[in-house]
Structures are given as C-alpha cells and as structure tokens.
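The domain 'Cytochrome oxidase subunit I profile' annotation in TrEMBL covers A:8-519. The annotation transmembrane segment is assigned in TrEMBL to A:67-90, A:110-130, A:150-176, A:197-220, A:240-261, A:312-335, A:347-372, A:384-405, A:417-440, A:652-675, A:695-715, A:807-825 (among others). Annotation source TrEMBL lists domain 'Heme-copper oxidase subunit III family profile' at A:553-826.
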Amino acid sequence: MGDDFPPMRSVKRWLVTTNHKDVGMLYLSTALFFLVFGGVMALLFRAHLWQSGGAGLLTDSTYNQAVTSHGLLMVFWFLSPFAAGFANYFVPLQIGAKDLAFPRLNALSYWFYLFSGVLLMISFFIGGTFEGGWTMYAPLNVPAYTPFEATAGGTATILALMMFTLSITFGTINFLTTIHRQRAEGLGLWNMPLFTWSWLLTAWMMLFAFAALLAALLLLAIDRVMLTQYFGAGEGSSLLWAHIFWFFGHPEVYIVFFPALGIMFETFQTFTGRRLVGRKWVIIAMVLVTVQSFLVWMHHMFLTTINLEIKTLFMATTIGISLPFDLMVFALIYTMIKGRVRFTTPFLFSLGALVLFILGGITGVFLGAVVLDYEFRGTYWVVAHFHYVMVSGVTALIAGLYYWWPKITGKMYDETLGKLNFAVYFVGFNLLYFPMFLAWETPRRVFHFAEGMTMYHQMATVGAFVFGASFLIMFYTLGKSLVSGPDAPDNPWEFSRTAEWTIPSPPPLENWDGRPSYATGRLEFVEEKHTATDGGTGINTIEESNAVLDAHEHEEEHADHASIWPLGIGFGTFVMFLGISGLGPYVARFANAQGANVDGFGDPNIVYPILAVTGLGLLLYFLWQFGMEEFQAPKMEVAERWPFEGVDNGKFGIWVFLASDVVVFGAALGAFIFMRLHTGWADWTIVPPAAWPGLLNTYVLLTSSFTVILALVMAERGNKKGLLATLTATLMLGFTFMGVKAWEYNAKFAEGDYWFTGLEYSIYYVTTGLHGLHVLLGLLVAGFMIYKIILYDAYLDDHRPVEYFGLYWHFVDIVWVFLFPLFYLM
Amino acid sequence: MTSPIKPPEGNWWDQTVNRRESIWLGLGVVWSLVLFGWMSIWTRTGDQNPIGETYQVSESEFREKMNAYEEAAEETEQGLVPEGTDVYMAGIRFAWDGAPVVLEAGTQYDFHLSSYDVQHGFSLRPEATLSKQINLQVLPGYEWVVPMTFDEPGTYHIICNEFCGEGHRSMHDTIIVTEEN
C-alpha cells in the first residue's frame with residue numbers, strides 16, 4: 001500500500017494521509033486559518049472600541065459573541081493546534097522515529113480538530129454562537145439564560161469544543177506513547193531535545209487537564225440538550241463550574257506556553273551556538289511546573305466566595321510557580337551571554353518572545369496576591385497581562401515557523417522581509433497591548449471606558465491593525481519563498497544539532513536512510529538492508545541489539561501511510577454533533593408533556609434529528625471500516641524505551657487513555673460530592689428505587705471481569721472455542737447489567753422521576769448513564785471482537801487486543817465499584 | 001563549540017555544589033519564605049481590601065431578607081436610606097436590586113451581596129476617579145458580607161463586570177455617599 005500512496009500535489013493525498021509530516025502540515029495551515037479568523041474578530045471589536053460606548057459596528061449581542069469567539073478561537077483552535085503541528089512534524093524527527101505510534105489515530109485527531117472548527121463556524125449561522133465569555137461561567141451558560149433563538153448555536157459551540165477536546169485526547173495518547181516508547185537507540189530522557197521535552201510535558205498536562213474540560217463540557221452539553229440541572233441557578237453551580245473549568249484552565253496556560261518555550265530553547269541554542277545553560281535544571285523546572293500547574297487553579301477564583309484560608313494557600317502556590325519560570329528565563333539570558341548571538345529572523349522572534357514574556361510574567365505576579373486582585377480583576381490589567389504572556393507564546397511559535405520553514409518546504413525565505421516582519425510585529429504588539437496597562441482601569445467585558453482613556457484605546461486599536469498587518473507581511477514572505485525561494489540545504493543554521501537537520505529538506509516520506517542511533521553518544525545512522533523480505537539476511541549483525549529482530553517481523557518492513565476512515569469518523573461525528581445541537585426543543589417538549597415546566601426553547605426543527613441519526617449511522621459505519629482495515633504502522637524494533645520496555649505500544653496507549661478517563665469520572669463524581677455537600681449530605685434524595693439492583697449489578701460486573709480474564713487465558717492458549725465462550729459470556733453479563741439498569745430507569749420513569757426532575761435526579765441519571773455508556777462501548781467492542789474471531793480466527797496468534805479490551809473492561813468495573821456505594825447506599 | 005546533544009565532560013551529575021552557590025540558594029529559600037509569610041500576614045492584618053465572610057443562601061431567602069431591609073429603609077428622592085449599617089444588594093439581569101442607596105461617609109457598612117439569577121460582577125468605582133475600584137464576583141446561592149467604609153462623599157458607580165447576557169453593558173447603578181453628619 002505504501003507504493004500507491006498519492007503524491008503531494010494530489011488532493012487525495014491530503015484526505016487519506018496518516019504520515020506525521022503531512023498531518024503536521026495540515027495542522028499548521030488549519031491553525032493559521034483560525035488565527036486569521038480569530039484575529040479578524042479581534043479587529044472587529046478593537047475597531048468598535050474606538051470610542052467609549054462603541055463605534056456602532058457591533059450590537060450588545062454581537063460584541064459579546066465576537067469577544068467570546070475570539071477567546072475560544074485563539075486559545076483552542078489556534079494556539080494548541082499550531083504547536084501540535086510542529087510537534088507532529090518534528091517530535092518524531094527529533095527522537096529518531098519513523099512516525100507516531102498510532103498514525104491513524106493521529107489523522108483522526110486532525111480531522112476531529114478540523115471538523116470541530118467547522119462546527120464552531122456553523123454555530124454563527126444557527127442563531128448566533130455562544131456569547132457568555134470563553135470561560136463559559138455558570139449559570140449563564142444554560143439555556144434558561146440564553147435567548148431562545150440562539151440555543152442551537154450556543155450548544156453547537158459547546159459541542160464543537162467537546163469535539164476539539166476529544167481531538168486533543170487522541171493526540172495526547174499518541175504523543176505520550178511515541179515519546180516514551182519510540183526514541184532512537186541511546187536517546188535517554190535527559191538527552192532528549194528540549195522541544196520534545198516541552199511537548200512531552202505539554203502532553204502529560206493535556207492528558208489530565210483536557211479530561212477535566214471534557215467532563216465539564218459533557219455535563220454542560222447534557223444540561224443544554226437533555227435539560228439536566230447541573231449548572232442551573234442556585235445550588236452552588238457557579239462555583240462547581242469554576243472549579244472544574246479552572247482545574248483545566250490553569251494548566252492550559254502552560255499547555256499553550258510550553259511548546260513556545262521549547263522553541264525558544266531550540267532557537268537560542270542554535271543561534272547562540274551554545275548548549276543551553278543549566279539544561280538539566282531547566283528540565284527539572286519544567287517538570288516542577290507541570291506538576292504544580294494542577295495546584296494553582298483557585299487563583300482564578302480569588303473574588304468568588306471561597307474562604308480566605310484556601311485563597312492564601314493558592315496565593316502561595318501561585319507565587320511559587322513563578323520560581324521555576326525565573327530559572328528558565330535566567331537560563332535563556334545566560335545562554336545568550338555565554339554564546340555568540342546571530343540575529344536571524346527566528347532568533348529575533350524568540351528574543352522578542354522572551355522580552356514580552358518577562359513583561360507578561362512580572363505583571364502577572366501582582367495578580368497572584370489576593371488583596372491586589374480585588375483591584376485588578378476584571379480590568380484591562382488582566383487583559384494586557386495574559387495577552388503579553390499568551391501572545392509572547394505566539395511570538396515564539398512564529399519563531400518556530402521561520403526556524404523550521406526551510407526544513408518543511410525545502411525553500412529559504414528572504415531574511416530582510418523576515419526581519420521587517422519582526423519589526424512590524426514587535427511594534428504592533430506593543431502598541432496594541434501596552435496601552436492596555438496604561439488604561440488598566442477600564443472594565444473588561446463592556447465597551448465603555450472613562451473619557452480620559454480614549455487615547456489609550458485608540459492607540460491600542462491602531463496597534464491592532466499594525467499587528468494584523470505584520471501577519472500579512474509574514475504570509476507574503478512565506479508565499480514568496482514557496483514560489484521563488486532558493487532551495488534550502490539540509491541544515492541552513494550551522495549550529496543546530498537536533499536530528500531533523502541531518503536529513504534532506506524536505507525530509508523523505510520514510511524520514512531516515514538507515515536507523516538513527518545515539519548508542520555511541522552522537523547521532524549515527526546504522527546501515528540496515530531494506531530488502532530483507534526474501535529471508536531475513538539483511539540484519540546488520542554488528543549491532544548487538546538487532547538480535548531481537550526475527551525474520552517474521554522483518555517481513556512487515558513496508559509501512560502504510562494512507563487511510564480514509566479517520567476522515568470518515570471525523571465527518572460522522574461532526575454531522576452527529578451538529579444534529580444534537582438542535583435536539584433541545586424536542587426534549588423540552590417531552591419534558592413539558594411529563595409535567596415539567598421548561599421554557600426558553602423555540603420550535604423543534606426536523607432537520608436536527610435527521611442529522612443526528614445520519615451522523616450516528618455514518619460514525620458507526622466508518623468505525624466498523626476502521627476496525628476492519630489492515631493497517632501496518634511503521635515499526636521500531638530497536639528503541640530506547642526506559643522505563644517502559646515491558647509495556648507494548650497498544651497497552652501503553654490504553655493505560656494513558658484510562659488515566660484520562662479517571663479524571664473524567666473523577667470530575668463527574670466530584671461534581672456529585674460537591675453538590676451533595678452543598679445541599680447538606682443528609683438532605684440528599686437517594687434516587688435509585690432500591691439498593692439490590694445496584695448490588696446485583698456489582699456481582700454481574702465483577703463476574704464479567706473474571707470471564708474477561710479467562711478470555712485472555714484462552715487467547716494465550718490459542719483455544720478458539722474457549723475464547724469465543726468466555727467473550728460471549730462477558731458480552732451476556734454486560735447485557736444483563738444493561739438490562740437491570742434499564743429496569744431500574746424504567747421503575748423511576750414510572751414514578752414520574754426523570755433526569756430533569758431535580759438536581760439529585762440529574763446527577764443520578766447522568767453519572768450512572770456515563771458509566772452505562774462506557775459499558776455500551778465495551779459491548780460494541782466485544783461484539784466486534786467476537787465477529788472477528790468467528791470469521792478470521794483473530795487474536796489466536798496475537799492475544800494483545802483481548803488484553804487491551806480486558807484492561808478497559810476492568811476499569812469500567814472499578815468505576816462501578818465506586819458508583820454503587822455512592823449512589824445506592826450512602 | 002560543544003554540541004547541545006552531547007553531555008558535558010566527566011561525572012557532571014555528582015559534582016559537588018560550590019559552597020557559595022549553596023549559600024545563595026539558602027538565602028533565596030529564606031527570602032521566599034519571608035515573602036510568602038509577609039504576603040499572607042499582610043492580607044489578614046494589614047490595612048488591605050476587606051475580605052469579608054460568605055454564607056450559603058437560597059434565592060428566596062435572600063429575597064426575603066431584601067424585602068425586610070427595603071421595608072425598614074427610608075425611601076428618598078435619591079434612593080434608599082438604610083435603617084442600620086447593613087446594606088443589601090442583589091444582581092438581577094440587568095439591574096441591581098437595592099440600589100440606588102444613600103450612605104454616609106465615614107461609617108462602616110456591611111454590604112450583603114448576592115444574585116438572583118446568574119453570576120454578576122460588583123465593580124464599585126467613585127465617579128471622580130473611575131480608576132479606583134473594588135471588584136467582587138457575585139454568585140447566586142451565596143451571600144457575601146463585606147465591610148466597607150466610604151472615605152469621600154460623592155457618587156459611586158456599580159458596574160457589572162461579568163458577562164450576564166445581552167443587556168450586560170447596561171447593568172449599572174449608583175451609591176450616593178453624603179457628608180458625615
């Protein structure tokens with residue numbers, strides 16, 4: 001299949017590709033599109049802010065929409081995916097891998113990203129996009145407080161973000177597996193290039209932080225579509241939302257900034273010709289930040305009603321997290337002092353990023369103090385501070401674009417134009433954001449300001465357009481390079497030492513000519529004969545580690561790079577989510593027929609249910625095809641995998657996925673405990689009709705955990721009948737579980753207790769329903785496996801998929817072990 | 001030129017830390033602790049923005065309190081004049097219940113803040129210097145009691161500082177502070 005892989009100029013190539021470099025380019029160009037989109041939104045409201053009270057460009061509602069979507073677009077659809085583009089392209093190259101561990105999953109994560117963006121754009125045209133700010137604070141985010149014509153659009157925004165979150169999770173699993181398991185021989189963690197280090201830590205943060213966001217969005221989407229009451233007014237919902245959102249939201253700051261930091265480290269090393277000063281300590285500092293990033297979230301809530309002791313504690317952790325950053329900043333400055341600086345375009349951008357980051361960082365320290373926050377919060381001080389930090393990240397990412405552009409395209413750009421770009425960029429940036437510090441008293445979320453501030457706001461608006469123009473220069477520079485730039489050498493930067501510069505620009509499809517290895521302490525390419533399919537004589541016997549290769553594995557030398565099904569799955573999910581966004585009115589009608597009193601919804605529109613069902617059908621079909629496809633991911637027989645030598649790629653991926661799922665369930669259970677404590681633990685209504693169905697289901701699930709272990713034993717023995725019997729038993733036990741669940745729900749419905757009846761009911765139905773959904777997914781997988789065993793004798797030679805399924809199934813059982821006492825007994 | 005990939009010479013990991021470096025690190029740690037302690041103590045005992053106490057309250061309970069308060073207060077041309085030193089105020093899309101209110105300079109009032117619907121932002125700004133502000137997040141389901149003293153007489157603006165819907169930017173009211181009697 002590798003042979004008929006379409007060429008670069010064919011459209012088909014870009015629809016089917018799973019190659020990490022192609023996906024990287026797709027990510028980069030899509031992210032740049034969303035940068036322009038989010039930027040135009042910003043120009044719109046900056047122009048509107050020309051005078052206090054607005055220049056008449058936007059209405060109250062459209063202003064809110066523009067501000068909200070600007071935030072969402074830049075934080076989610078531009079910053080992280082742009083960094084993900086570089087990571088896709090260069091992390092495998094830097095660690096000496098042929099591709100990511102799961103190439104199809106990589107393509108899937110891109111398509112989820114693209115289609116989530118499309119869904120967001122559609123939301124503007126179905127009544128208006130979400131307009132409650134990018135933080136989506138409760139309870140403004142529920143339909144009761146949304147104009148009814150805008151509920152579908154608002155829900156589409158939430159679902160788009162959910163889809164984006166899924167995309168991130170797929171990518172995360174992939175990168176963690178790749179970096180931990182596919183490093184070239186001899187490349188220990190300490191010696192890993194710093195961009196890869198920064199991305200590794202970013203991925204770990206994303207894994208847990210985005211899982212919390214996924215949980216929050218899931219609950220919110222269910223609130224908006226199914227009319228549950230997590231975030232309805234009153235019962236502590238605003239604090240609940242703020243906790244879950246900021247538990248994601250603060251690590252997100254570092255998620256966005258770390259890749260930029262990694263690029264700064266790389267470019268500083270290259271253009272000063274020095275190893276980064278304090279390299280080991282920089283890595284340790286980054287690890288510290290990664291851990292600590294999950295312990296500072298409440299500083300976003302200093303002005304809510306949490307108590308002073310907790311505020312003080314979070315003040316301390318917040319000031320504490322600035323210390324590792326001080327170390328990194330000093331390391332960068334000292335590297336410049338000890339090295340010989342060459343002021344190329346990428347270095348200028350990186351240096352600019354450092355200057356801006358220092359300004360942004362220092363202005364942030366003020367905000368870390370509780371008492372100062374009373375003065376600063378909700379003002380342009382905050383706006384200026386986080387734009388200095390975030391857009392300094394953008395500056396470093398642009399540095400990365402100029403740094404790696406010759407490698408990606410094989411063309412050089414005009415250095416003078418690049419420097420001009422930097423000059424305009426830097427002037428525009430400061431003209432845009434610095435006046436915001438001067439006009440800091442301006443309240444953040446309205447277009448009114450004191451007359452005396454007009455000059456600063458007009459300066460900022462002019463700056464915004466200058467800043468925007470710098471991107472036009474960038475596009476011109478890069479476009480010109482693409483059309484008529486001179487060819488780039490393998491390594492145009494002289495002192496860059498990471499592995500991507502040792503191969504041609506642009507790199508060939510298979511990346512390496514020979515196997516990269518650091519076994520001797522420096523990068524070398526070990527000769528391997530590629531035509532070994534005739535009998536396995538091509539193994540280089542000098543390399544001792546090559547002994548692990550056996551002839552069987554060597555036959556699968558050629559790797560696939562194409563699959564159309566990820567695109568299909570993305571499209572199916574997109575259609576389904578678009579459909580779901582307009583189902584609210586139907587549920588409202590149903591609820592009203594059951595005696596609930598729901599308003600705030602318009603008339604139902606038949607298009608939405610049709611879309612939802614069509615999308616689900618497409619999704620299932622494409623998932624099926626995806627599962628049936630024979631796909632050979634590029635293999636890495638010899639690799640540095642410490643400390644995960646004993647865990648194969650698939651198992652590692654499953655473990656990582658389960659870790660993120662723990663956070664999803666943790667957030668859902670946390671929401672339950674939070675709300676129950678708020679209501680008063682003893683005042684809570686116990687919803688299930690009796691404890692025995694829960695107990696029965698506990699026995700059923702634990703038994704099924706046992707049968708799934710037996711299935712693994714049978715697969716290891718190669719016993720087809722035994723494998724079929726045990727898997728079928730597992731499937732049947734799963735059905736029994738679902739049957740008991742259905743009976744239980746039915747008994748409640750018969751009493752007139754639905755998920756919209758009250759908070760306790762919402763939480764009961766949603767939490768057990770979320771678990772039920774996991775069981776259902778497990779059943780689908782089990783059914784699919786049984787089908788493959790019957791038809792293709794699958795898993796008898798390779799029992800690993802049975803083991804992976806077993807891990808997932810045990811996890812689902814363990815979750816139930818927590819749900820049962822919490823919901824049925826306490 | 002050493003390579004960024006190549007580790008430095010010798011046993012760099014176990015190298016002993018220079019004594020002067022240890023002293024500097026120690027000083028850094030001590031100084032951080034001093035700063036943390038200072039910040040925390042200053043927040044509590046320094047003459048800083050008041051933090052106040054928060055209580056859980058349902059919407060109807062707060063409405064009852066508000067009714068009782070409004071009944072006891074004196075209705076004037078400029079606004080309510082509260083009976084004692086408790087002042088109640090609640091955000092409701094897109095207005096402030098309990099405002100405008102007439103208060104005296106120099107007296108310490110207890111502001112009871114809550115919301116009837118969504119989150120609102122309570123940003124209080126003197127008219128002459130709109131830059132001086134105090135800013136609280138007002139959440140439904142919680143009553144926040146914040147002690148406040150107005151030093152200067154004059155008009156103070158209450159601006160909603162959190163997105164609360166389409167009419168958010170028009171959500172504004174005033175507190176009139178009169179001379180000390």
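Glycine is no exception: its Cβ is also placed from the backbone N, Cα and C atoms.
Caution: TrEMBL annotation is automatic and unverified by curators.
In this chain, the transmembrane segment (A:807-825) lies apart from the transmembrane segment (A:67-90): fewer than three C-beta pairs between them fall below 8 angstroms, excluding pairs fewer than 6 positions apart.
Listed by sequence, the residues of this chain that lie at least six past the ends of the transmembrane segment (A:695-715) yet keep a Cβ under 8 A from its Cβ atoms are 722-723, 725-727, 729-730, 733-734, 736-737, 740-741, 795-796, 799, 802-803, 805-806, 809-810, 812-813, 816-817, 820, 824. For the domain 'Cytochrome oxidase subunit I profile' (A:8-519), the predicted model reports an average pLDDT of 93. Long-range neighbours of the transmembrane segment (A:417-440) within the same chain, counting only residues 6 or more positions beyond its ends whose Cβ lies under 8 Å from a Cβ of the stretch, are 46, 344-345, 348-349, 352, 356, 363, 376, 379-381, 383-384, 387-388, 391, 395, 398, 402, 449, 453, 456-457, 459-460, 462-471, 473-474, 476-477, 480. Residues 23, 26-27, 30, 34, 37, 61, 65, 68-69, 72-73, 77, 81, 136, 141, 147, 149-154, 156-164, 166-167, 170, 566-567, 569-571, 573-574, 577-578, 581-582 of the same chain sit 6 or more residues outside the transmembrane segment (A:110-130) yet have a Cβ under 8 Å from a Cβ within it. If you look at the transmembrane segment (A:197-220) against the transmembrane segment (A:67-90), you find at least three C-beta pairs under 8 angstroms, all six or more positions apart, and that counts as contact.
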